[in-house]
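Student: Quick one: the structure is below, and I'll ask about it shortly.
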């Protein structure tokens, strides 16, 4: 990994950029800006950005088998029609918690849309604790609730053999694993596979590479780290020129590039002067490892 190159490919100034997803069909990167209520699509060939504004904070976006997208908006799972710039509600969660919203979400290998909730923050990572839960939206639009008492539901992905579900509840400062049943979507036997060190700060978004290793974006840590979930060891750290790194995914040709989102929420003018690319989209090349294609929602 000696020839790593990091560049800000899009100075988007996201308040809180999140949920990067590569769309191979259009050579584009999808991502959201949560408080700005925007879903964005950056064309890597033309460098143009299209944006769709929705009516509530949008925390994740994913591919839909129809060629359109699904997204978590407020506390709703929604189908997103890009051409019409409209969202249709598929299901709603946390009806009894008016201060909650969805956070990170991702589609599993069977086409279910997993996403978790959290209380709305009063400042970055400051919120009423234990208010969130983890859910999945099945292809028939029914919702399964896995567990509650979540602080900040965050990064998630699945092992290459589809037998393990990896999950982050940010304020536990841990990357956890569950046994995962592909057929039923059931998860069980929760355990920690990595505890973050102090300088790594808060674990946020996560993705898996083609070797089965996990990459975790560290909020306030200004880095992505590569972990071996079997040994529990950190294998590599890539530092970025911004502190508030939020999530990561692989994309580009053969999924050989990594894209990283970040935030500028809560930064003072001095901090923004020091980190003018905060809120931008970063591309990392030369990692020497590839990712895998994202799954599409099957509903």
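Even glycines carry a Cβ here, placed using N, Cα and C.
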Student: Just to be sure I read the record right: 101, 103 are listed as binding substrate in Swiss-Prot. Which of 84, 121 is listed for the same site?
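Tutor: Candidate listed by Swiss-Prot for the same site: 121.
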Student: According to Swiss-Prot, 18, 204 bind divalent metal cation; which one of 81, 154, 220, 254 is annotated to that same site?
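Tutor: The candidate from 81, 154, 220, 254 that Swiss-Prot ties to divalent metal cation along with 18, 204 is 154.
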Student: Nearest to residue 103 (substrate binding site) by Cα, among 144, 154, 204, 253 (recorded positions)?
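Tutor: Nearest by Cα distance to residue 103 (substrate binding site): 154.
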Student: For the recorded positions listed here (101, 253), tell me which residue's CB has the most neighbouring CB atoms inside 10 Å.
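Tutor: That would be 101, with the most Cβ atoms nearby.
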Student: How many whole Å apart are the CA atoms of residue 253 (N6-succinyllysine) and residue 18 (divalent metal cation binding site)?
Tutor: 21
